[in-house]
2 protein chains.
Amino acid sequence: MEAKLQVGVLGFGTVGSGVIHILEEHQEKISQVTGYHISVKKVLVRNLEKNRRYETKGFELTTNPSDVLDDPEIAVVVEVMGSITTAREYILQALKAGKHVVTANKDLIALHGDELVAVAQANKCDLFYEASVAGGIPILRTIVNSLAADKIQKVMGIVNGTTNFMLTKMTTEKKSYEEVLAEAQELGFAESDPTNDVDGIDAARKMVIMTRLAFGMNVDLDNVETNGIRGISPEDIEVAYQLGYKIKLVGTAEETNGMVNVNVGPVLLPKAHPLAGVNYENNAVFVTGAAVGETMFYGPGAGELPTATSVVSDLITVAKNSRLGTNGNAFNSYKHETKHTPKEQVFSKYYLRLTMDDKTGTFLKLTQIFAEAGVGFDKILQQPYDDFTATVVIVTHSTSQAQLEQAIARVTDEPEMQMLAKYSVVEG
Amino acid sequence: MEAKLQVGVLGFGTVGSGVIHILEEHQEKISQVTGYHISVKKVLVRNLEKNRRYETKGFELTTNPSDVLDDPEIAVVVEVMGSITTAREYILQALKAGKHVVTANKDLIALHGDELVAVAQANKCDLFYEASVAGGIPILRTIVNSLAADKIQKVMGIVNGTTNFMLTKMTTEKKSYEEVLAEAQELGFAESDPTNDVDGIDAARKMVIMTRLAFGMNVDLDNVETNGIRGISPEDIEVAYQLGYKIKLVGTAEETNGMVNVNVGPVLLPKAHPLAGVNYENNAVFVTGAAVGETMFYGPGAGELPTATSVVSDLITVAKNSRLGTNGNAFNSYKHETKHTPKEQVFSKYYLRLTMDDKTGTFLKLTQIFAEAGVGFDKILQQPYDDFTATVVIVTHSTSQAQLEQAIARVTDEPEMQMLAKYSVVEG
């Protein structure tokens, strides 16, 4: 008879439902691949009476976490309840009881991943979290296994579906930020408080997780310069398009000389760049390796079934490890001392948009400020904004972040100039 | 002291050189990840005197295969010599001597994969071949591990860099097949006898390998309908573009009701399809899963270092397995009875281009032929070719392969009609 692997699920939202659905639907293939009949024994819910999307037969619903965490027959706990404090507590309890854990909780892994990994190892348990970054795209396992042979130089990700949906709509339908936000909220792509998405916080957490795996470095969220999409105007999108670019919210982690820089912000991508073609709620991660060159992994970044697929692929790995007796080996063993690239050594081209009083001498002053900071211009467009004001768009040559900030600080000091937008520009 | 894992390399061409280079360059990361110092002990070459791309120090060159295959200190054999008969023989010998094998040889794996996998398992040895499909893209491991949770429905691949380079050039520079072939040969992308590439044979072999992993089915090359790019004219590319499509050489493996259809041929892809943006020598594999939806894996399909990266990632897996004592487990344990979808159940839209005598009644006859075969028209364009002949371009509605072939057989029978092109059309 086939061995059984029993699972306890914490949370019965969309991802939890998806996991249960996939385990049932793909039972035959899963048991052929793992040699286990993987089944859900108990599901922790907040409310026993709520209507469920799928039938709740074959397993038990409970509102008491101990029913799951203290059940000796449950070998694996799947945490898909979200939140940080409670989820951390339950996961620690599960690991200490010798249960393997699969989680989709990016916030938790970004903030407490190191602690949880250490506890998992101390208890010889598996801890996997593929679903925490880019939903259905198996990017974490790809970085850890398939790109292990290579020296990864740069990871660029469109890892937030909500903002990518909004920017795609702004670009293709020429709508305003406010209009597309309302649309995204209506469709359920954005929450009523969209802060985490639109301010880039969600993307920053995912970049922290990828940085740990790709470069072996632990970067604090505080050290990730994070800008969102609130400030992007239809004008920026229009001008960028005319210059040959699309604007996307991109998280970038780049290593230079053993130091890493991680940031999230709007980026101008050449239209032919593979990331520029990633539209609507899709995600993609573009990885540059010293040997492999440029690769990209594309797919749905969220959604019930895509995210659940990643959770179940982690469950399959737990099952394979159980069969081989190899549970408890760290998912990622690549570690490096964490060092941050100083601003003087972080280089990029930039797109800048500002307005200034349309009077003799102001343009000269602007060019002097940039010249004195050592920031050269690649392109510059000036056009009247109204009778008294001109809009100026600048694309700089590659410059250090320190130099750019120096120039911008001086522009900000000038009462006749207003800086409206500052985005990185990626070259083809 | 760190454990040693010694490697014998068969072949010292570009990929062999790349493997040696990457093992040296990324030694620190590789040993951190595996716990092994992986080093090359011996390399089998054809000619000892030839100048090498990299220094040949730290290992021995030999022209005698037994020096590698009978060396008890060599734990892993990397086969990057190409060819079929000799490579098969050496690999069998290595496996029977208890050595793990990593190969980049798609021809061999497509033709004799099943036999080699069985011998590897009987001898408790690892046999990996990630580099055999799509060079630097870790597509095989992704299908086997990360998509194991899902039911894969369809795999579409641009898996031949040479033809993709040629079609990109034909599209962007409006050159003829002959011109771009000459260019590809000059750049080293195409061989002096380009048959394997331009006739789709290379792509068909890769599709056989992916079909085995994605659907657990063993398809013979004879059962893969294979068409190449020789017949594609600048007119086809131009007309397709005007209709909103790009022409790419695509391998498709699709499962329907437990049966599989695998084919290779020119395909019209909507311009917004992710595969349509894959240009020049790049490869990409687009996978549709029941749960995950659409994902795509993009990267360099060939080249010294990208291909060598995949070989080294396989070596890393061998090393990890050695540390955990888990060598010899089949790379892929998903198996299904092989059944082929009958032509009556293989559906697609088609693009057809033909010329016909420009006289009253011919067009009527053409439409009658298609109507009688039950093939409907989605789009139809007719324009004069010369004073006596008209060119007709048809995009059909979705139709079965059997119906289409029936219609085409009748067109072929008509002396006043010449069928020039027949390509599948993918809808967005």
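Glycine too: its Cβ is placed from the backbone N, Cα and C atoms.
Marked as active site, proton donor by TrEMBL: B:K206. Sequence annotations record features per position, and here TrEMBL assigns NADP(+) binding site to B:L10, B:G11, B:F12, B:G13, B:T14, B:V15, B:G16, B:S17. The feature NADPH binding site is assigned by TrEMBL to B:K106. The feature L-homoserine binding site is assigned by TrEMBL to B:E191. Residues annotated as domain 'ACT' in TrEMBL: B:351-428.
Compute the center of the Cβ atoms of B:L10, B:G11, B:F12, B:G13, B:T14, B:V15, B:G16, B:S17, which mark the site for NADP(+); besides them, the chain residues with Cβ within 8 Å of that center are B:V9, B:G18, B:V19, B:V80, B:M81. Checked against the residue listed as 'NADPH binding site' by C-alpha proximity, the recorded positions B:L10, B:G11, B:G13, B:E191, B:K206 yield B:K206 as the nearest. The domain 'ACT' (B:351-428): residue composition by secondary structure is 25 helix, 34 strand, 19 coil, according to DSSP. In the three-state DSSP scheme, B:E191 (L-homoserine binding site) falls into the coil class. Within the same chain, residues at least 6 positions away in sequence whose Cβ sits under 8 Å from that of B:G16 (NADP(+) binding site) are B:V9, B:L10, B:V43, B:V78, B:V80, B:M81. Counting every protein chain shown, 14 other Cβ atoms lie within 10 Å of the Cβ of B:G13 (NADP(+) binding site). Within the same chain, residues at least six positions away from B:G11 (NADP(+) binding site) with a Cβ under 8 Å of its Cβ are B:V43, B:L44, B:V45, B:E79, B:V80, B:M81, B:G82. Its own atom aside, the Cβ of B:L10 (NADP(+) binding site) has 26 Cβ atoms within 10 angstroms in the protein chains shown. Per-residue pLDDT, averaged along the domain 'ACT' (B:351-428), amounts to 94 for this model. Under the DSSP three-state reduction, B:L10 (NADP(+) binding site) is assigned to strand.
Taking every protein chain shown into account, B:T14, B:K106 are the binding-site residues, and of these the Cβ with the most other Cβ atoms within 10 Å belongs to B:K106. Per Cα geometry, B:G13 is the residue among the recorded positions B:F12, B:G13, B:S17, B:K206 nearest to B:E191 (L-homoserine binding site). Around B:V15 (NADP(+) binding site), the C-beta neighbours below 8 angstroms that are at least 6 residues distant in the chain are B:V80, B:A104, B:A131, B:E304, B:T307, B:A308, B:V311.
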